[in-house]
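Student: Pasting a structure below so you can have a look.
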Amino acid sequence: MIQDTAVIHPWVPRAAPAPLRTMPKVKVPALRPIALASLIANVGLIVTGAAVRLTDSGLGCPTWPRCTDGSYTTTSAMGVHGVIEFGNRLLTFVLGAIALACLVVALLDRPRRRRQVRLSAAVLLGIPGQGVVGGITVLTHLNPWVVGLHFLLSMALIVAAYFLWRSTYEGDGTPIPLVAPPLRHLTALTVLASAAVIVLGVVVTGSGPHSGDNGAKRNGLDPASISQAHADAVFLLIGLTIALWFALRAVGARTPARAARTLFVVEMAQGLIGFVQYFTHLPVALVAAHMLGSALVWTATLSVLWSIRERPAHPQPAVPEPAAVVQQPVPAS
């Protein structure tokens, strides 16, 4: 009986294995990293703005658009406060350069995506507008309401920058909801509550210390009362976020549920910082961390809003209606 030599002699040469298939390389849109840089820079501007206010450098450059009456730049006579304020002003040009790069890339992209062009233009046009409001804060000697508007405009720029960045991960088709209407309504309420928390936080800031200059006036509201209103809004936001998180988990919406969970974690961290800073009489380091936290909470809120729908690469074709069945007359028997 002759046995198979392949079994007796395992060293007998065998057929060469088929070459491994390599995964196709996914082209990363050129706009994506620049849009992310724009988002990070706008969040960073909130932190540097907080540094100006917390170091009492809000009037380090006492006029605008010049730093002093005789110079566009800070002078040695202005000291460290002038350096801090002038440095913050220079960041406007950094943000503008990044935003301009986004617009140029969006315009050169083929096929050109109009939504990305519009979002890039919105960020680019918003930056000089933000700079003008910053100049008005100086000319009004740090009026707390104008300072608050300055901060809220930064939050609006974060919205545009975030949407621009996320648009690089999806197409331009009609948005398709991923959850039922009740959950979309709950998401909208959560976004509104998050916005209300931010607005009330601005009012709290305008009523307390750290005005940006020792001589700056405050808004005249009772800090304790407005802080309580702010805390109530925070509790509402956390409650809505928990409800949204569990509701999304219950229906199996994994990606939106993860976004809601992330928002909850960021809210709890931000709430802890806010609680500690209030009862430790607003130390500068904690106030700065709280300012950064507000931008992160807002960004996480936008992530939840974005996660409950998707955009296909192209508009979905209409599904043809089934043809009507024509009944044939039945011949008489």
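In case you wondered, yes, glycine gets a Cβ from its N, Cα and C as well.
Note that TrEMBL annotation is computational and uncurated.
I grabbed these lines from TrEMBL:
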- 321-333: compositional bias 'Low complexity' (COMPBIAS)
- 313-333: region 'Disordered' (REGION)
- 30-52: transmembrane segment (TRANSMEM)
- 90-108: transmembrane segment (TRANSMEM)
- 120-139: transmembrane segment (TRANSMEM)
- 145-165: transmembrane segment (TRANSMEM)
- 186-206: transmembrane segment (TRANSMEM)
- 226-248: transmembrane segment (TRANSMEM)
- 260-279: transmembrane segment (TRANSMEM)
- 285-306: transmembrane segment (TRANSMEM)
Student: Of the stretches 30-52, 120-139, 186-206, 226-248, which racks up the most C-beta pairs under 8 Å with the transmembrane segment (285-306)?
Tutor: 30-52
Student: Residues sitting near the transmembrane segment (186-206): Cβ under 8 Å, six or more positions beyond its termini, same chain?
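Tutor: Distant Cβ neighbours of the transmembrane segment (186-206) are 144-145, 147-148, 151-152, 155, 179, 218-219, 221, 223, 226-227, 229-230, 233-234, 236-237, 240-241, 243-244, 247, 256, 263, 294, 297-298, 301-302, 304-305, 308.
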Student: Check the transmembrane segment (30-52) against the transmembrane segment (260-279) for contact, please; criterion is three or more CB pairs under 8 Å, pairs 6 or more apart in sequence.
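Tutor: When sequence-distant Cβ pairs are counted, the transmembrane segment (260-279) does not touch the transmembrane segment (30-52), since fewer than 3 lie under 8 Å.
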Student: Counting Cβ pairs under 8 Å to the transmembrane segment (260-279), which of 90-108, 145-165, 226-248 comes out on top?
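Tutor: Ranked by Cβ pairs under 8 Å, first place goes to 226-248.
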Student: For the transmembrane segment (226-248), give me same-chain residues lying six or more residues beyond its boundaries with a C-beta closer than 8 angstroms to one of its C-beta atoms, as numbers and ranges.
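Tutor: Contacts of the transmembrane segment (226-248) (Cβ under 8 Å, skipping residues fewer than 6 from its ends): 179, 183, 186-187, 189-190, 193-194, 196-197, 200-201, 203-204, 207, 256-257, 260-261, 263-264, 267-268, 271, 274, 278, 304.
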